[in-house]
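*Asks:* Supplied in structure tokens, the structure appears directly below.
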């Protein structure tokens, strides 16, 4: 047993436990994960490209973008960071976050380098990382209701409005 296994004995999530809790389908969870990995790759390459300059703001934005890539890899694909001891622990903690928290974190991470240095490299490099945050934000909104339940609600509201109107008319007479 390694030292990491002794520190985090129950760090591995139970299969099926997270899918029942958050209400995400398996394909949407994979879409978010794949978008996170692709966003990390785009942040890493664009950040490296951004560092090849003499402008200090571009260098700072590039370093921040590479840090974004590292965080995205840690949270979404810990197998890419298998030689870092705390990668699985960070991934488990990131999986326990609510979706709106992940959305705010990923979008905030992606917006900061763009605000620091507004160039095409920072815009395009952070676009997929921002899109990952948007995907998690959309999952935080929940499932869309079906048309039948909306029609029932509309019918009930219509009946209540008619009852109020007839009650007001009877009160006037």
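Using N, Cα and C of the backbone, Cβ positions are placed for all residues, glycine too.
Sharing the record's features from TrEMBL:
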REGION    1-20  region 'Disordered'
COMPBIAS  9-20  compositional bias 'Low complexity'
TRANSMEM  30-49  transmembrane segment
TRANSMEM  61-84  transmembrane segment
TRANSMEM  105-136  transmembrane segment
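How about a rundown of where these features are and what they're close to?
*Replies:* With a threshold of 8 Å between CB atoms, the same-chain residues lying at least 6 positions outside the transmembrane segment (30-49) that come near it are 24, 61-66, 68-70, 72-73, 75-77, 80, 106, 110, 113, 121-122, 124-132, 135-136, 139.
Residues 32-33, 36-37, 39-41, 43-44, 46-51, 53, 90-91, 94, 102, 106, 109-110, 112-114, 116-117, 119, 122, 125-126, 129, 132 of the same chain, all 6+ positions outside the transmembrane segment (61-84), place their C-beta atoms under 8 angstroms from a C-beta of that stretch.
Distant neighbours of the transmembrane segment (105-136): 28, 31-32, 35-36, 38-40, 42-43, 45-47, 49-50, 55, 57-58, 60-62, 64-65, 68, 71-72, 76, 97, 99; these residues of the same chain sit at least 6 beyond its ends, with a Cβ under 8 Å from one of its Cβ atoms.
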